[in-house]
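Novice: Dropping the structure in here first, questions after.
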Amino acid sequence: MFDQATSMGDGVSEERSPLCGKSATSCSERVRDKGTRADLECSLRGHSLKDIPVTSTSSPGSSKEEVQDSQSTGEADYCRRILVRDAKGTIREIVLPKGLDLDRPKRTRTSFTAEQLYRLELEFQRCQYVVGRERTELARQLNLSETQVKVWFQNRRTKQKKDQSRDSEKRSSSTSESFATCNILRLLEQGRLLSVPAPPNLISSSQNNMGTSSGNGTNLGTSGSTSPIISTTPPGAGAFSLQVPSLAASSSPRLPTSLCFPGPLLGGLHEIPSGYGLGSSAFEPYTRLDRKDTASSKKSTS
């Protein structure tokens, strides 16, 4: 009986063994997973997250390449990073470019003495380009290096060019202004802006200081001013008389009371009444003068 049971048990075990054999690999994997989970839980309870080393599935070679790439990209992005606290108290990060060389010492500015500047200026007035042995000898005498002497001459030539260009601009502007002033003064002296242009067929024959004409006996009115009177009488024509005020007169000179142009000259008798005076502008030479007597006469007539 027991033998059959054992044999039956063996047979059952033998029959079940193929089923267990199929799932043997899966069972072993589950046991391993449970073990790793238990280990992880223990490590989490005993240590903090920062102390746990991070495992990576990449190979050592690939990890080295990634580190090199990160270093190379970091070097290409910036040269140095500086944390700065502003007035509000916030901390900001300043990223300096890679090409900025902070460790390089700054170039010191050369300060020349009065004697050195005097000698350099004398040499520059003699020759603007000092090269070769002359520059070497000058640097030795002034206790300077050849580079300092060369740089000083370069800066001095640049300064001279700037001064020359500035002087030429000032000279051109001053000459243009003086030319315009001379033109205006010449026109004023000739009386072209203040006198009435005469016809081209008139020829000046004589000057009459008494204010009388010899042609038709036309009497010209005299004024209180001392300006000369110019009288021109063409042959066979009427008299033409014009009084030109001098430039040295008062600011508002007056024309004579009557300025007559006889009929044969301009085709009729034209008079400029005494109510008109010489204006201050060249474009408006005559301006009407209002007098009190005319205003009072108008009121009396009304």
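For all residues, glycine too, the Cβ spot is worked out from N, Cα and C.
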Novice: Taking 105-164, 225-284 as the choices, which stretch does Swiss-Prot tie to DNA-binding region?
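Specialist: It is 105-164 that Swiss-Prot annotates as DNA-binding region.
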Novice: What are the helix, strand and coil residue counts for the DNA-binding region (105-164) according to DSSP?
Specialist: 41 helix, 0 strand, 19 coil
Novice: Taking all residues of the DNA-binding region (105-164) together, what is their mean pLDDT?
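Specialist: That region's mean pLDDT is 89.
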